[in-house]
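Below is one structure; the comments refer to it alone.
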Amino acid sequence: MLYPIEFDVIVVGGGHAGTEAALASARMGAKTLLLTHNIETLGQMSCNPSIGGIGKGHLVKEVDALGGAMAAATDEGGIQFRILNSSKGPAVRATRAQADRVLYKQAIRRYLENQPNLWLFQQAVDDLMVEGDRVVGAVTQVGVRFRARAVVLTAGTFLDGKIHVGLNNYTGGRAGDPAAVSLSSRLKELKLPQGRLKTGTPPRIDGRTIDFSKLEEQPGDLDPVPVFSFLGRPEQHPEQLPCWVTHTNERTHDIIRSGLDRSPMYTGVIEGVGPRYCPSIEDKIHRFASKDSHQIFLEPEGLTTNEFYPNGISTSLPFDVQLALVHSMRGLEQAHILRPGYAIEYDYFDPRALKSSLETKAINGLFFAGQINGTTGYEEAAAQGLLAGINAGRHALEKEAWCPRRDQAYLGVLVDDLVTRGVSEPYRMFTSRAEYRLSLREDNADMRLTEIGRELGVVDDVRWDAFNRKRDAVSRETERLRTTWVTPKTLPADEATELLGKPIDHEYSLAELLRRPGISYDGVCGLRGGECGPSEPLAEDALLLAQIKEQIEIGIKYQGYIERQAGEIERNGANENTRLPDGIDYTEVRGLSFEVSQKLNQFRPETIGQASRISGVTPAAISLLMVHLKKRGLGRRKGADSAPGADAETNSAATQQ
């Protein structure tokens, strides 16, 4: 039957990508339908019960700055919070949280059910409705047809998923859930470039059978407890719990080696490539044979369960080998396994067949987000889902697509890497992937993106008002510090010596003093008995005040570096965003080698910047391409008309501070 209501956007899948996509589309005012095979698993954490980490936490903050749900749900469900790299520079500091699976999922479900313009429907999707070169809807397994102007596919590991435990295997999207076999077949019929990838998960352990007295305790940060969302509050957090640390040993490694003849990875049963940066324990033992021990983190799954996640022993070895290797580790000698570990193979589609909006180049209105694009991780999925949801909504509302640039957001880095370079293994985000990471910090994600989000229609009034209060306070106080001066006459020598190590010898602004190593905002404001501080409090709220002070300190201390990077961005941006015509035939570009023209015709980059990052496309080839465009008057700046955030001033030094 044809459902009587037509939607603007249909989102297929209710994981981290799908929920962010549906929420974003609905926030923009698009009539949105979220189709999931099981409403009870919306927002489910299928693997590790954690959010964030190096690079990943940056993505979560960006999703939050654009009005997304992941950070807020983590604040409601987080049972341990830590700031990683806290002793290092601000560019690489990152938030990580352990989450109670149930509380996190409950928060996501509540956000979905309370979101205007969003409908939920429980049915697996078996088919897409395609007319010519555009998608017009989706068909469920019982034949219900839903029509829409755009469809976002966020199928995770469900596309023709196959689960492996030892040499036994069976179809499944994850443990306990069916695979999307029919949908996978339909996508293959559409001739989209496709491959197979693999990921895995460790066995889960009953905490009542763990001897914690033999383990090293790893508490979270407690003074203060961090928050993930820019609107988050520490009092939102439930009870905080520690994690625990144990290690593998030579006996563990011998047990693993003895089982490799029954490993689906090492007997050729699994053909998909696994994640390099989250390898299985058997892969670790094989690749790092010289190491006699690996650290294993025992992470609580929640407040109302005894289940623990042993982070570091993802495996597809036979269950008897899993049991033996767990029992070989200190503190786990009597451990009971609640669920076996397994590997899962699944279909993904080459992201080079996508536009930077995450719309497929071949089928108008069809968007992909998450693991279907070859990524791994909740955070990468959520970020893609948010972007796909925004652009599906804009497509349905007949507005121009939007994607942040590499110098605007880690989300921009993620998408650009995917659509220009593709993947040969599951892709995960690191700070090292971003060339402008000093400007792309966790702490300034809102300064970079919230105004753009407001233009896009995904940032509500509450977030917008809070953002403006913070931005205005940072701006006013930074200006005050730059225009307030102290001299040898007005700053007593003993006070200057206490703060700076010696008296000052000429006039300094407070900003110049703050720029010195080891000098804090509070230290500068405390000079002359506090007279150098602001005349009235920057904020009544202690958490907001801390965020404002952090922004001010980083902006002033790193001003020179930030301005230098802004200059580099401006120089590189001269040609970076020059759009390439849709119908250009690269074999007609004089001087291009056959190999380069073939690659450009195959991957169809949208901009000169994207073309320059395709493997094998040389700087000389880019120069020839620029000459070709100039002669024919074809190139124009991407987003030079009305795309939100297109103005280069979005990334000025002032904005980055």
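Each Cβ is built from the backbone N, Cα and C atoms, and glycine gets one as well.
According to Swiss-Prot, the protein carries these features:
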BINDING   GLY13, GLY14, GLY15, HIS16, ALA17, GLY18  FAD binding site
BINDING   274-288  NAD(+) binding site
REGION    635-657  region 'Disordered'
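Positions of Swiss-Prot features highlighted on the structure.
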| residue | record | Cβ neighbours (10 Å) |
| --- | --- | --- |
| GLY13 | FAD binding site | 31 |
| GLY15 | FAD binding site | 30 |
| HIS16 | FAD binding site | 34 |
| ALA17 | FAD binding site | 34 |
| GLY18 | FAD binding site | 30 |
| GLY274 | NAD(+) binding site | 21 |
| ARG276 | NAD(+) binding site | 14 |
| CYS278 | NAD(+) binding site | 19 |
| GLU282 | NAD(+) binding site | 26 |
| LYS284 | NAD(+) binding site | 19 |
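Within 8 Å of the Cβ centroid of the FAD site, not counting the listed residues GLY13, GLY14, GLY15, HIS16, ALA17, GLY18, the chain contributes VAL11, THR19, GLU20, ALA21, THR36, GLY43, THR154, GLY156, ALA369, GLY370, ALA381, GLY385. The separation of CYS278 (NAD(+) binding site) from ALA17 (FAD binding site), Cα to Cα, is 20 Å.
Distance noted between the C-alpha atoms of GLY274 (NAD(+) binding site) and GLY13 (FAD binding site) is 22 Å.
In terms of C-alpha distance, the listed binding-site residues ARG276, GLU282, PHE288 place ARG276 closest to HIS16 (FAD binding site). Applying an 8 A CB threshold to same-chain residues 6+ apart, the list for HIS286 (NAD(+) binding site) reads LEU260, TYR266. With a cut-off of 8 Å between CB atoms and residues at least 6 apart in sequence, the same chain places ALA22, LEU34, THR36, ASN38, ILE39, THR41, LEU42, GLY43 near GLY14 (FAD binding site), listed in sequence order.
Counted within 10 Å of its Cβ, the other Cβ atoms near PHE288 (NAD(+) binding site) come to 12, all protein chains included. Spatially, by CA atoms, the binding-site residues GLY13, GLY15, GLY18 include one closest to LYS284 (NAD(+) binding site), and that is GLY15. When the Cα atoms are compared, ARG276 (NAD(+) binding site) and GLY18 (FAD binding site) turn out to be 25 Å apart. Same-chain residues at least 6 positions away in sequence with a Cβ under 8 Å from that of SER280 (NAD(+) binding site) are, in sequence order, GLY200, MET265, GLY274, SER314, THR315, SER316, ALA343. Among the binding-site residues listed (CYS278, GLU282, PHE288), CYS278 has its Cα nearest to the Cα of GLY18 (FAD binding site). Ranking the binding-site residues CYS278, GLU282, PHE288 by the distance of their Cα atoms from the Cα of GLY15 (FAD binding site) places CYS278 first.
Here the CA atom of GLY13 (FAD binding site) lies 31 Å from the CA atom of GLU282 (NAD(+) binding site). Cα of PHE288 (NAD(+) binding site) to Cα of GLY13 (FAD binding site): a distance of 37 Å.
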